[in-house]
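Student: There's a structure below that I have some questions on.
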Amino acid sequence: MGSAVVFLVAAVVAVPIFRKLKLGAILGYLVAGVVIGPSVMDWVNDPQTILHVAELGVVFLLFIIGLELDPKQLWEMRKKITLTGGSQLIFSATFIALMCSFILSLSPVTSLVVGLSVALSSTAFAVQLMEEHRVLKTPPGQQGFSILLMQDVAVIPILLLVASLSSGVVATGPAWWVSVLALCAVLVVGRFLINPCLSMISLYGNSEVMTASALLIVIATALGMQEAGLSMGMGAFVAGILLANSSFKHQLETEIAPFKGLFLGLFFIAIGMNLNLALLVSEPVFILGASVVLVLVKGGVIFTILKMTKQNTTDAVRIGLMLSQGGEFAFVVMSQAEVTGVIETLISQQVTLIVGISMALTSPLVIMHSVWFNSKHCPAVYDAEPDEKEPRVLIAGLGRFGQVSARILTANKIPFIALDKDPEQIEFLKKFGSKVFYGDASRLDLLRTAGISKVKVLLIAIDNDQEALKIAYLVRDHFPDIKIIARARNRMSVVNYARAGVNTYVREVFPAGLKAAEKLLQAYGFDEEKALRTVDVFAKHDEKLVHISATKNLNLQQMIDINEQDKTELQSLFERDEKGIK
């Protein structure tokens, strides 16, 4: 419990300070870890164990990234992943290994292990940076992400190579068919079993059970893939991709997001704790120089590769800087290499410290580049122009009322997002091609996950007055620029919406009632023009009464009294209108 308090205090103090200084939250976590770790205050013991636990943050991050990637999009990225990612890994590892061998006079084996370990960037660090600077979903950001994916795939072969170097023979891990079988199992479970299970949980469980289910999906998949010889992060990423088209996509992301943030923060704190600052004090020139060289070499390799793929210079520099640091897997590789006797303890500690410092250098360098670029140039095209494919309409509730708007939007090729809480209704609508997700639209976190910040218009089409009003207040308070159109089930709903500041509402029964009254008057003997005029007078008068009830904040009894007084006034209106016609 004491360690948990230390972590929380460190994060609460360090992160706001570094954000205020515009150095980013990640650097704040790293510095906090250094301060509370063995090198400075020594308030927390066993940082290596904490680092292993905190790797769940990377797992959750990759799961959420997988959720946001359409499988077709991933297939289209296959060449980028293999060519761009493979080239970066080979060239970075080769350059660094040669420098270690010829400049530092390290043995070929040690040079190879060091080169491979530091050639891997930090997925958590780089993705977080790309998200903070809003480049992850841009073309250069996707190139950078392709490099990170290839690095994650390469982790297990690198670890097997390190193990084989200790004995001179190829290391034996799980048989290759075990990995293939595990991957097939994940594909089958993700494709055919998870959605029905989540549907049942949504019907008979509660929000806590849904949260537990989301955690179970991620952690069980990650651990299963690890046991089969693949990385936990890759397992979580595959699970996310399989659920990318699921109706529960936004709900799962909403449930996982808080844990991702907490564990990622803990992960970066743990990295800071694992740095041996005594080496920096004893060899400052070598450690700092090597850190700068690492950033320059990796950044230069990535820059060159991106330029060869026809990215512009600015984007190539930015992505090169974002991926120029050493990664968390360097700690794993160095630890295994040290235990198996492939490298000396001193070299292992030096490499991990250099990797940590390279992380600390990355964020300020990216910020400096952004400041310089923004002062010299206009924003990039993909930052300035909105994506027309991004939904600008959100429909809360896709029952009979909401379906009408959804069908009209679809016919006009207007993208939208729909949220509904009935899993059976969702599955039924998906058979007809409707794009609807499971989720409670009265939850602010889920609305954010669904992308409400990019929405221009919200249609509240649910049939629960209390929940509808809650959504109206929630969106009005947090997203005042969004235009709200609400389904009003009765007269009181209209009054409540008006009081909530929702001025655009559709009375569910009133228009149909007016039409029925018009037909009734015609059947009784009114001509078409008179019937229409009579109904129009009544409609305008009724809207006026509703407006008075809302603006004067009347209670129910006062509204009844006004309605009684209205009978005489309405009769007078009809009489005057009739005289006007004659």
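Quick reminder: no glycine exception, Cβ is built from N, Cα and C everywhere.
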Student: Using TrEMBL as the reference, determine which range in 229-248, 329-348, 509-528 is annotated transmembrane segment.
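Tutor: Range annotated as transmembrane segment by TrEMBL: 229-248.
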Student: Taking contact to mean three or more C-beta pairs under 8 angstroms, with sequence separation of 6 or more, is the transmembrane segment (110-127) in contact with the transmembrane segment (201-223)?
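Tutor: No; fewer than 3 Cβ pairs under 8 Å.
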Student: State the non-local partners of the transmembrane segment (351-372) in its own chain: residues 6+ outside its ends, Cβ under 8 Å from one of its Cβ atoms.
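Tutor: Cβ under 8 Å, 6 or more out: 22-24, 26-27, 30-31, 114, 117-118, 122, 125, 129, 133, 271-272, 274-277, 279-280, 287-288, 290-292, 294-295, 317-318, 321-322, 324-327, 330-331, 334.
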Student: Taking the domain 'RCK N-terminal' (390-510) alone, what is its mean pLDDT?
Tutor: 84
Student: Is the transmembrane segment (260-279) in contact with the transmembrane segment (49-69), using at least 3 Cβ pairs under 8 Å (sequence separation of 6 or more) as the test?
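Tutor: Checked: the transmembrane segment (49-69) vs the transmembrane segment (260-279), in contact.
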Student: Considering only Cβ pairs under 8 Å, which range in 229-248, 260-279, 285-306 makes the most contacts with the transmembrane segment (175-194)?
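Tutor: That would be 229-248.
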